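Heads up: the structure comes next, in structure tokens.
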Amino acid sequence: MINTRKTHPLMKIVNNAFIDLPAPSNISSWWNFGSLLGICLILQILTGLFLAMHYTSDTMTAFSSVTHICRDVNYGWIIRYMHANGASMFFICLFMHVGRGLYYGSYTFLETWNIGVILLFTVMATAFVGYVLPWGQMSFWGATVITNLLSAIPYIGTNLVEWIWGGFSVDKATLTRFFAFHFILPFIIAALAMVHLLFLHETGSNNPTGIPSDADKIPFHPYYTIKDILGILLLVLFLMLLVLFAPDLLGDPDNYTPANPLNTPPHIKPEWYFLFAYAILRSIPNKLGGVLALISSILILILMPLLHTSKQRSMMFRPFSQCLFWILVADLLTLTWIGGQPVEYPFIIIGQLASILYFFIILVLMPITSTIENNLLKW
């Protein structure tokens, strides 16, 4: 008798994606982040759903409804902090996942990579609108500053901003629509993630060597299911350490002050995972230029397959490219630090140099280095 899991219309899909899927025998822990992102998404949707049961998206009651969740709802505090810190874990996994793709040349799977970049943008949009919902000072001013960037678009900018706001400033209409966006976007992310997986399974996974592994495949279950479970346990451990011991470590104290349009906080800054992009935005003294640099800093990922000049796919056997990659990582950490600093000497110049270096490494140094490596190997 043929196994039901191989014939049943629904179980067949699950079977081909998670059980009998042929996987390379040598994928390292860097390949765990895909499943971890899936777990993060499920966790965020579940905690978010329970928060939405008690949250009110009205300027008069939003802040106090979040306080009510933390004080009066059974285990509301843990749900709230799991959701807030879950977003941080989500972005840690995202950055690791993208970094893995860059290092091992996974961007040569064009459809998978491009859907991934769209996913990154969507997750960033979701996190941004979500940060506005508690209606604290940083929520309000963050929303004001970031949405205001759209006014840099020539001709239609001002109209566009007022259309997004639903008025002449960030107010009740803005909060209500941001809640609606924040509710719907995770489901769009889930759908996109399925498409991402669909395209990945057309080609099969890459592996650390970047060499086709068709000759040496193993079934996904039990080898990688057990490996993923270990990754999930570590993720949950790290998340719960954060939630139970330092829930406000990554948050901004200003967000414990209710939103006040008459009082601007001294330093407006987004959550830590946006600081690198915020630093790039601030490093350009022109508004439109800053916005373009901000968008380019993420959109540049789409160019990665075009900028790949090496005859090898992975960086595993390319020491010079490896050095550049880790310099890029250090540069991004520098930008993250600068994004959280006030706009004054020496931070301005450090931010500008780090921003220039970021684009210079990706657009100039990496392709040149790859070509040099080809020549050294007489390829």
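Numbers run from 1 along the shown chain.
Each residue, glycine too, has its Cβ placed from N, Cα and C.
Pulled from Swiss-Prot:
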- H83, H182: heme b b562 binding site (BINDING)
- H97, H196: heme b b566 binding site (BINDING)
- H201: ubiquinone binding site (BINDING)
- 33-53: transmembrane segment (TRANSMEM)
- 77-98: transmembrane segment (TRANSMEM)
- 113-133: transmembrane segment (TRANSMEM)
- 178-198: transmembrane segment (TRANSMEM)
- 226-246: transmembrane segment (TRANSMEM)
- 288-308: transmembrane segment (TRANSMEM)
- 320-340: transmembrane segment (TRANSMEM)
- 347-367: transmembrane segment (TRANSMEM)
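Fewest other C-beta atoms within 10 Å: among the binding-site residues H83, H182, H196, H201, that description fits H201. Most Cβ pairs under 8 A with the transmembrane segment (77-98) among the ranges 33-53, 113-133, 226-246, 320-340 are made by 33-53. A gap of 21 Å separates the Cα atoms of H182 (heme b b562 binding site) and H196 (heme b b566 binding site). Through the fold, the transmembrane segment (33-53) approaches residues 69, 79-80, 82-83, 86-87, 89-90, 93-94, 96-97, 100, 182-183, 186-187, 189-190, 193, 228, 231-232, 235 of its own chain, all at least 6 residues removed from its boundaries and within a Cβ separation under 8 Å.
Remote same-chain residues near the transmembrane segment (320-340) are listed as 99, 102-103, 269-270, 272, 274-280, 282, 310, 347, 350-351, 354-355, 357-358, 361-362, 365-366, 369-370, 372-373 (criterion: CB distance under 8 Å, separation of at least six residues from the stretch ends).
Within 10 Å of the C-beta atom of H97 (heme b b566 binding site) sit 20 other C-beta atoms, taking all shown protein chains into account. H97 (heme b b566 binding site) is 17 Å away from H201 (ubiquinone binding site) when you measure Cα to Cα. Outside the transmembrane segment (226-246) by six or more residues, the chain places 29, 32-33, 35-36, 39-40, 78, 81-82, 85-86, 88-89, 93 with a CB less than 8 A from a CB of the stretch. A separation of roughly 20 Å, to the nearest angstrom, links the Cα atoms of H83 (heme b b562 binding site) and H97 (heme b b566 binding site).
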